[in-house]
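Reviewing the structure listed below.
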Amino acid sequence: MDGKATPTVARPSLWRHRDFTLLWAAQTASQVGSQITFFAIPVIALTVLDASATQVGLLAAAETLPFLLVSLPAGVWVDRWNRRRTLILTDVGRMAVLAALPLAFAFDVLSIGLMLVVGLLVGVQTVFFEIADQAFLPSVVETEDIPAGNTRLEVSRSIAYLGGPSFGGLLLQVLLAPLVLLLNVSTYLLSAVLISRIRAGGETRAPAPRRRMAREIGEGLRFVFGNRTLRAIAMCTSLMNLIGLGGALTALLTVFALNDLDLTPGTLGLILTLGNAGALLGAVVNARVVKALGLGPTLVGAAMLAVLPILLIAAAGRGAGALLISVAIGLMLAGISVYNINQISLRQAITPTELQGRMNASMRFAVWGTLPLGAALGGVLGDVVGVRPMLWVLGLLAAGVCLPLLLTREVRTLRAQPAN
């Protein structure tokens with residue numbers, strides 16, 4: 001022994017990681033455009049085509065229905081294909097399909113039927129993109145950098161949530177509504193270009209002889225639902241998506257704001273922007289919260305925060321009610337941000353590389369499959385029983401969302417992310 005201490009080599013920041021930075025920039029561009037479209041679609045339906053709450057609910061369901069229909073085979077294909085190439089092709093495909101709506105408006109042939117078809121086609125490509133995207137990150141960064149990587153990607157989503165609705169609302173005030181979608185067309189193109197420059201993680205999977213599709217799908221489902229941790233996450237997230245943002249609440253929120261509270265699209269965009277600051281706050285404070293509470297309690301608390309503020313929206317009236325909606329959205333998105341960073345990182349850390357695509361597909365099948373169901377039911381029941389009464393029902397149902405996590409000891413008592 002020479003008495004000299006072995007120097008500790010500090011890990012470089014992910015912001016200096018070329019491939020990760022490109023992935024982050026691509027996601028930021030794509031998410032900003034997608035949030036503008038997410039805000040603009042129901043506004044276009046209501047203001048241009050005079051849609052009903054049921055039709056708005058069906059439009060919300062159309063883009064997420066493919067997660068229920070094609071997630072499982074998509075996971076097998078993603079595990080076989082070059083994941084980087086899959087991301088590029090689906091970005092280009094979504095760009096081409098979405099461009100049909102402003103073109104249809106320009107030729108005076110825009111209809112609810114066409115919007116539903118475009119929503120379904122964009123949704124199918126989004127299935128492949130989302131599954132490949134989550135399977136791609138562990139190939140780009142080291143396992144110990146996955147939580148930090150997901151935090152930074154959640155920040156990009158938060159920036160999109162923060163800026164998308166307000167920018168969309170502003171554009172809707174000065175442009176013909178369907179033309180706003182052209183911005184999302186351009187962001188999909190930018191995302192494809194940035195991802196094409198990533199060097200790492202593009203290898204084609206499964207060089208061995210391929211097995212039957214059904215067998216590979218079954219392997220992914222057995223892995224997810226045979227693992228108590230993954231099963232609890234799947235059940236909790238499914239309930240969150242059924243009643244919350246993206247599901248029943250999304251089908252009702254725009255109708256409630258524009259029709260019941262008489263808000264303008266610009267005002268609604270501003271409200272959502274103020275509320276969306278919660279998503280960024282959640283991403284920023286996540287590490288401190290996990291350190292203070294532990295991973296399991298953080299997941300439970302974040303799941304509750306993601307849905308219980310629906311009660312505040314149900315209580316909103318004209319005038320100050322707009323501020324109440326903004327606060328509720330802020331609390332919900334803070335909860336969703338913290339929940340997603342941790343549950344996605346946990347899933348990625350405990351799943352073998354060769355199963356990442358099928359694991360993500362099985363999870364998406366379960367958790368995103370409830371989105372179209374919630375959106376359709378929310379819209380139909382909003383027409384039948386009224387929008388505000390339906391919001392109260394959703395708020396009361398929110399109390400049971402975290403039960404799958406609370407009843408699973410492996411999650412409830414978890415202190416930190418596993419190393420692998």
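Glycine is no exception: its Cβ is also placed from the backbone N, Cα and C atoms.
Just so you know, TrEMBL annotations never went through curation; they're auto-generated.
According to TrEMBL, the protein carries these features:
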- 170-420: domain 'Major facilitator superfamily (MFS) profile' (DOMAIN)
- 21-44: transmembrane segment (TRANSMEM)
- 56-78: transmembrane segment (TRANSMEM)
- 98-122: transmembrane segment (TRANSMEM)
- 170-195: transmembrane segment (TRANSMEM)
- 232-257: transmembrane segment (TRANSMEM)
- 263-285: transmembrane segment (TRANSMEM)
- 292-316: transmembrane segment (TRANSMEM)
- 322-341: transmembrane segment (TRANSMEM)
- 362-381: transmembrane segment (TRANSMEM)
- 387-407: transmembrane segment (TRANSMEM)
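Spatially, the transmembrane segment (170-195) is not adjacent to the transmembrane segment (387-407); fewer than three Cβ-Cβ distances between them are under 8 Å for residues at least 6 apart in sequence. On the 0 to 100 pLDDT scale, the model's mean across the domain 'Major facilitator superfamily (MFS) profile' (170-420) is 86. Take the transmembrane segment (232-257) and the stretches 21-44, 98-122, 263-285, 292-316, 362-381: counting Cβ pairs under 8 Å, 362-381 has the most. Contacts between the transmembrane segment (21-44) and the transmembrane segment (98-122): present, as 3 or more C-beta pairs lie under 8 angstroms, all at sequence separation of six or more.
Contact between the transmembrane segment (387-407) and the transmembrane segment (292-316) is supported by 3 or more Cβ pairs under 8 Å, counting only residues 6 or more apart in sequence.
Under the criterion of 3 or more C-beta pairs below 8 Å, with sequence separation of 6 or more, the transmembrane segment (263-285) and the transmembrane segment (56-78) do not qualify as touching, having fewer than 3 such pairs. The transmembrane segment (322-341) makes contact with the transmembrane segment (292-316), as judged by at least three Cβ pairs under 8 Å among residues 6 or more apart in sequence.
Residues 233, 236, 240, 243-245, 249, 253, 256, 261, 282, 286, 322, 324-325, 327-329, 331-332, 334-336, 338-339, 342-343, 346, 388, 391-392, 394-396, 398-399, 401-402, 405-406, 411-417 of the same chain sit 6 or more residues outside the transmembrane segment (292-316) yet have a Cβ under 8 Å from a Cβ within it.
Beyond its flanks by at least six residues, the transmembrane segment (56-78) meets 41-42, 45-46, 86, 112, 115-116, 119-120, 122-124, 126-128, 131-132, 135, 205, 213, 216-217, 220-221, 246, 250-252, 254-255, 357-362, 364-365, 368-369, 371-373, 375-380, 382 of its own chain at Cβ-Cβ distances under 8 Å.
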